[in-house]
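Shown next, in structure tokens, is the structure this report addresses.
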Amino acid sequence: AGVGIQTACLGLYCGRTVLSVNGSVETYGDCGVCPRGQRTDDNKICRECMGSPDRYDWLYLGFMAMLPLVLHWFFIEWYSGKKSSSALLQHVTALFECSIAAIVTLVISDPVGSLHIRSCKVKKLSDWYTMLYNPSPDYITTVHCTHEAVYPLYTIVFIYYAFCLVLMMLLRPLLVKKIACGLGKSDRFKSIYAALYFFPILTVLQAVGGGLLYYAFPYIILVLSLVTLAVYMSASEVESFKDLLVRKKRLVVLFSHWLLHAYGIISISKLDKLEQDLPLLALVPAPALFYLLTAKYTEPSRILSEGGNGH
């Protein structure tokens, strides 16, 4: 260690830790990996992450928090079907599990005991993949400088998923055993088994594609909300506004998709300019209205019959 920076650190993410501060003079350590909660500045010095997540960061964390909840709801609905009236209680339990997991994750994050978190600003895509930028000065020895440059946006998602899984295993089996009487013994736990599959998949997805998801999630939300709404309305044979009003469940699904669509629009616009961005939310019902207005013209049986008459 010495006073000042002796030689420039190689690599994008290698830095020198501050060992001591004497007035305006700082003593630095050797060039290497920054401790957790720090990242390099422009001078390759490891500095504490003292910022707060901006609006887009919170929207990203919200998206990652919604993924397991939406999958829980999908598989609960899928395996409950029409046999059981317990689906609603399971939906509420899944929401409770994910909400408590999110609160606990925020509380134990630095600063501990607060719902606020301190973070480093995401500057570019490579910040998510520091392990790919370890320098090899002599092409033989690799200097390992892998650290969480986007602290804590990368690891906080893993912590949240772990709490979701633990809470599910503690609460859901007891609940399902008590209330899912309408299902067979082999069916009642299928939604839990599904979660044991999709949680590892979500974990790998975050580990490998966290940075890509960070930049692409608003567009993923918009595309998925459009596709799933069209598939649901087609499968449910909804062709008019009257068909929507027949069952309350259809309205719930419709409004859920509208909320997702609004979330995607807000994530893209970031609501930086309210007078320009808020009117975009008026587009939320447009896909559903378009589907309902054009469904009768795309009825397969009608197309086939008209084609037959033409011949």
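Every residue, even glycine, has its Cβ placed from backbone N, Cα and C.
The following features are taken from TrEMBL:
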- 58-76: transmembrane segment (TRANSMEM)
- 88-108: transmembrane segment (TRANSMEM)
- 151-171: transmembrane segment (TRANSMEM)
- 192-213: transmembrane segment (TRANSMEM)
- 219-238: transmembrane segment (TRANSMEM)
- 250-266: transmembrane segment (TRANSMEM)
- 278-295: transmembrane segment (TRANSMEM)
> So what's near the transmembrane segment (88-108) in sequence-distant terms, Cβ-Cβ under 8 Å and 6+ beyond its ends?
Replying inline: 65, 68-69, 72-73, 76-77, 80, 114-117, 156, 159-160, 163-164, 167-168, 171-172, 175-176, 179-180, 191
> Quick one: do the transmembrane segment (278-295) and the transmembrane segment (219-238) reach 3+ CB pairs under 8 Å, ignoring pairs fewer than 6 apart in sequence?
Replying inline: yes
> Other than its close neighbours in sequence, what residues sit by the transmembrane segment (151-171), given a CB gap under 8 Å and a spacing of at least six beyond its ends?
Replying inline: 36-39, 49, 53, 57, 60-61, 64-65, 68, 72, 93-94, 96-98, 100-102, 104-105, 108-110, 117, 119-120, 122, 128, 192, 195, 199, 202-203, 206-207, 210, 214
